[in-house]
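Remarks on the structure that follows.
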Amino acid sequence: MTLSPEKQHVRPRDAADNDPVAVARGLAEKWRATAVERDRAGGSATAEREDLRASGLLSLLVPREYGGWGADWPTAIEVVREIAAADGSLGHLFGYHLTNAPMIELIGSQEQEEHLYTQIAQNNWWTGNASSENNSHVLDWKVRATPTEDGGYVLNGTKHFCSGAKGSDLLFVFGVVQDDSPQQGAIIAAAIPTSRAGVTPNDDWAAIGMRQTDSGSTDFHNVKVEPDEVLGAPNAFVLAFIQSERGSLFAPIAQLIFANVYLGIAHGALDAAREYTRTQARPWTPAGIQQATEDPYTIRSYGEFTIALQGADAAAREAAHLLQTVWDKGDALTPEDRGELMVKVSGVKALATNAALNISSGVFEVIGARGTHPRYGFDRFWRNVRTHSLHDPVSYKIADVGKHTLNGQYPIPGFTS
């Protein structure tokens, strides 16, 4: 195959022999010390991304026969949550990396799977995505893919919200075949080197949260896509959605990862608030107590936070195990399998979103006015959850669950459902 980015990053030989969750916790402990400062600065988390590269975790889901960790989905989800607890931006970046790589297996060929998985594992490649566009609606894609005589394409246009594209080695991109081609209107997917001539990830990401995710735009100017870099036939993803084939698992995978990013952030907010309440919060004088930790209303709040997380965590872990069961069915996947998984994941997404938003804003009630000082950075938890939770309206996830409960309907397969 032609896809061989110039950057080579040799993977630690014994990485896959370690416990990935323990590795993630070690990294999280290191990053937690600089999270507030880095959030304030914004920009790129270059050093932290290199930490992840050196850890070998970028090949977490790569099968062992290709040199990866060979982790299952429940383990991968746990790693995402650990990272997000320390830094929402890094949890976001790593989560997106985990949604990108499975596309190789979901719609690519056996040859592409072997080649790309091996390269990711051996060279510790970061993957980035270039799918969304900032047009009239979410699927109004204008990046054009012009077919070439050799079976490849040439891409032109601009993608937006390209999380992780900057600093990545392998870029997953979608384009629409131009109107004067026999394939007109078809959506093509490809995995290309980010260093390919004509690919320009831009430094134009600006939002109230997720400030170190490099989620800005990426320009494509006469970018050549080689024939063996095209994943599946034109409209492979669309057909997978229509027929509830294995490729349609992209949506529940992505949504479950997003939910666990939120849960990780909620855990991070709760842990940080608890430490502050124990060590710095002042008791309310009329309460007649000596320590803030004795306040009955504060105690109740921490109980409510914890209970909300217990329920959401349990649902998320149950969904991760169901994902593994469905994933293992391979091509024997049925529409019912896919539908049951998506309903479960939709419920988790709603639980996680509500818990994370409530906890990340509610912690201010238990830390008090002094805790709002910027040096503590408590606001970053809410800003991160609020920013990413707008990715797709959670109300539609709740409606999907309701339609199934009331009418036995499964969500219509798509990029977010």
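First residue shown is number 1, and so on along the chain.
Glycine is no exception: its Cβ is also placed from the backbone N, Cα and C atoms.
As given in Swiss-Prot:
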BINDING   Y96, 129-134, 159-163, R282, 369-370, H391  FMN binding site
REGION    18-124  region 'Helical N-terminus'
REGION    125-233  region 'Central beta-barrel N-terminus'
REGION    131-142  region 'Lid loop'
REGION    234-417  region 'Helical C-terminus'
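The structure, with features from Swiss-Prot marked on it.
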residue: Y96; record: FMN binding site; DSSP class: helix
residue: A130; record: FMN binding site; DSSP class: strand
residue: H160; record: FMN binding site; DSSP class: coil
residue: R282; record: FMN binding site; DSSP class: coil
residue: R370; record: FMN binding site; DSSP class: helix
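Its own atom aside, the Cβ of H160 (FMN binding site) has 17 Cβ atoms within 10 angstroms in the protein chains shown. A simple way to gauge crowding: the CB of R370 (FMN binding site) has 11 other CB atoms within 10 angstroms, across all the protein chains here. Fewest Cβ neighbours within 10 Å among the binding-site residues S132, N134: that distinction goes to N134. The C-beta environment of R282 (FMN binding site), restricted to residues of the same chain at least 6 apart in sequence and closer than 8 Å, consists of A292, G368, R370. Considering other CB atoms within 10 Å as the measure, the emptiest surroundings among the binding-site residues A130, C162 are those of C162.
Long-range Cβ proximity for Y96 (FMN binding site), meaning a same-chain Cβ under 8 A and a gap of 6 or more residues, is found for T127, G128, N129, S163, G164, I257.
The average pLDDT computed for the region 'Lid loop' (131-142) is 75. Secondary structure of the region 'Central beta-barrel N-terminus' (125-233) per DSSP (helix as H, G, I; strand as E, B; remaining residues coil): 3 helix, 42 strand, 64 coil.
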